[in-house]
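Taken straight from TrEMBL:
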type     : residues  : note
TRANSMEM : B:7-25    : transmembrane segment
TRANSMEM : B:37-61   : transmembrane segment
TRANSMEM : B:82-103  : transmembrane segment
TRANSMEM : B:123-144 : transmembrane segment
TRANSMEM : B:156-173 : transmembrane segment
TRANSMEM : B:185-205 : transmembrane segment
DOMAIN   : B:211-311 : domain 'FAD-binding FR-type'
Amino acid sequence: MRRAIFAVLVTAVGLILLLSFKPHSLTSGDEPLSAVAGPDPGSSDSSGDSSGSSGSSGGSSGDSSGGSSGGSSGGSSGGAKSMGGNAVKGDAVDTVWGPVQVQITLSGKKITKVLVLQAPDGNRRDQEINDRALPILNQEALAAQSAQIDSVSGATYTSEGYIQSLQSALDKA
Amino acid sequence: MKGLSPIAVLVAIGAGAVAVLGLWWSNTPVVAGPADWITGAGRITGLLAGYAITVLLALMARVPALERGVGSDRLARWHSMGGRYVVGLAVAHTLLIIWGYAVADGDNVISETVTLNLTYPDVLKASAAVLLLVGIGVISARAIRPKLRYETWFHLHFYTYLAAWLAFGHVLSDGAEFVGDRLASLAWYALYIAVALLLLWYRFLTPIRRAVRHRFVVSRVVAEGPGVVSVHIAGRRLDRLDIQPGQFFRWRFLTRDLWWSANPYSLSAAPRRGELRITVKDLGDHSRSLARLRPGTRVIAEGPYGSFTAERRRRRRVLLIAAGVGITPLRALFESIPAEPGDLTLLYRARGTRDLLFRAELENISARRGARLLYSVGPRSVVGDAFSPRTLSDLVPHLRDHDVYVCGPADMTGRVIPALLVAGVPGRRIHHESFEF
């Protein structure tokens with residue numbers, strides 16, 4: 001019996017120690033969140049292709065390979081037309097579970113639609129989280145008409161990535 | 001062949017556990033918020049449970065290097081301690097994952113349990129596995145175990161194979177550590193396949209090969225005392241088996257009611273003239289029906305197992321302490337362990353004179369080898385405690401300078417070993433083997 005209590009205690013303490021050695025917030029430590037294609041000119045070239053984001057200065061969008069298809073480099077602020085609005089892609093934002101990227105459709109200054117191009121889907125759990133969190137985030141974004149929206153609890157990383165990508169899209173628009 | 005030392009085996013097991021924790025460590029970037037803490041604890045316990053179940057199975061795979069080096073009885077003790085721990089880990093994993101996911105989703109645990117089982121791949125099978133493990137844990141609990149027949153308990157244990165197999169899938173298809181990590185998945189496969197091969201080879205194929213090679217058959221059954229019989233088993237080429245006195249085999253007698261169970265019995269004599277001998281006391285259905293074995297009955301013998309042999313001895317002087325039917329392996333050692341006249345003592349405790357087994361043989365050996373033979377017979381209330389530190393020191397001069405081999409029922413070894421320690425025999429020179437399984 002004493003041995004059993006000992007085993008339980010050692011296991012519990014070990015678990016707590018292991019977990020406590022990990023960083024505990026999204027901002028501390030070595031930046032779990034970072035924009036892949038930020039304004040930093042040094043990195044935007046190399047990362048732009050792989051993540052599928054369009055360059056910040058602009059023009060090309062329309063597919064995820066960086067605007068190489070058919071030479072469809074459009075207008076100055078997000079070219080592809082869709083359903084009577086301007087579609088603007090946000091940056092692909094790397095989260096710890098994978099990149100998040102949204103595309104917004106604008107009608108004048110109004111956000112009429114948010115499309116999620118990428119979200120973490122490495123495993124079943126990620127998909128669960130997406131299925132639940134993304135519709136909420138989309139609703140919030142449409143209601144707020146800005147990136148000033150709340151994170152969805154239990155989907156913190158995805159939310160943060162979503163908000164950053166949304167903000168970058170709004171900045172470009 | 002020497003076998004692996006217990007320390008080396010423990011170090012290897014520990015290193016494996018550290019590697020498994022490393023897998024979690026390298027795949028977990030952040031632990032943020034209560035849900036992450038709970039889920040993180042769930043992942044770690046789950047990984048450890050998945051690893052530890054392979055260790056438990058490997059310990060019981062009858063690998064000769066383990067059986068020799070660590071000893072079957074110690075392996076069984078490790079296995080039973082580890083078994084409780086694995087059941088605890090698996091249950092903790094299940095509850096923590098449900099709880100952690102429920103917190104993250106803002107859902108209640110009941111509907112989270114349903115979601116997990118119905119929508120995540122292989123989780124339903126894993127739930128069945130954890131229920132099986134809990135069931136096996138329950139029947140092995142101290143309160144329940146004595147109420148079951150050895151055979152029932154033993155065969156229910158085979159469901160651990162099923163549990164390990166059922167749980168295997170969800171680790172790879174849902175485990176964040178394995179999805180998208182080829183190397184980790186391959187390592188996990190390799191671990192399980194290696195253990196499966198060990199089990200297949202040593203537990204299933206080796207006994208069959210041995211049976212074919214040695215053609216064991218019962219040659220005669222001899223009554224030794226009240227409720228005690230010796231079974232002589234003849235076989236070909238016994239010298240190829242490399243048997244050491246003190247070891248045991250797991251015996252499977254191919255009769256209609258005995259063929260399905262393999263029970264461990266020690267050899268009660270060094271092999272001679274193409275014959276092995278076991279001596280069995282009537283302790284249950286199986287040992288009782290051995291008395292009715294007919295000569296000519298075919299036998300499958302797994303073994304030899306056990307490290308309760310002369311290999312463990314370090315000093316010149318040797319004391320053997322037996323109680324009841326625990327005399328069997330010590331009878332074999334008394335006959336054969338190398339010792340000069342005067343250096344070997346056997347202390348043999350029995351309830352009554354009628355219960356003393358092998359009296360003629362023991363006295364014969366004693367006279368031939370110049371070995372001391374001491375009996376302690378009668379109820380303890382009458383003859384006193386033969387195993388007090390004081391009595392032992394008085395009976396055996398230079399007690400501290402002996403290697404001591406102890407074999408008997410658990411309550412007897414539980415009294416003798418502390419008494420020997422008090423009397424000054426260092427623990428590393430006390431060798432024991434218990435009947436518990």
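The backbone N, Cα and C atoms fix where each Cβ goes, and this holds for glycine too.
As the structure is a computational prediction, the values presented were derived from the model and not from experiment.
Here the transmembrane segment (B:7-25) has Cβ contacts under 8 Å with residues 40, 43-44, 47-48, 50-52, 55, 66, 69-70, 177, 184 of the same chain, all six or more residues outside its ends. Beyond the ends of the transmembrane segment (B:123-144), by six or more residues, the same chain brings 53, 80, 83-84, 86-87, 90-91, 93-94, 116-117, 153, 156-157, 159-160, 162-167, 169-170, 174 to within a C-beta distance below 8 angstroms of the stretch.
Across the domain 'FAD-binding FR-type' (B:211-311), DSSP classifies residues as 16 helix, 43 strand, 42 coil.
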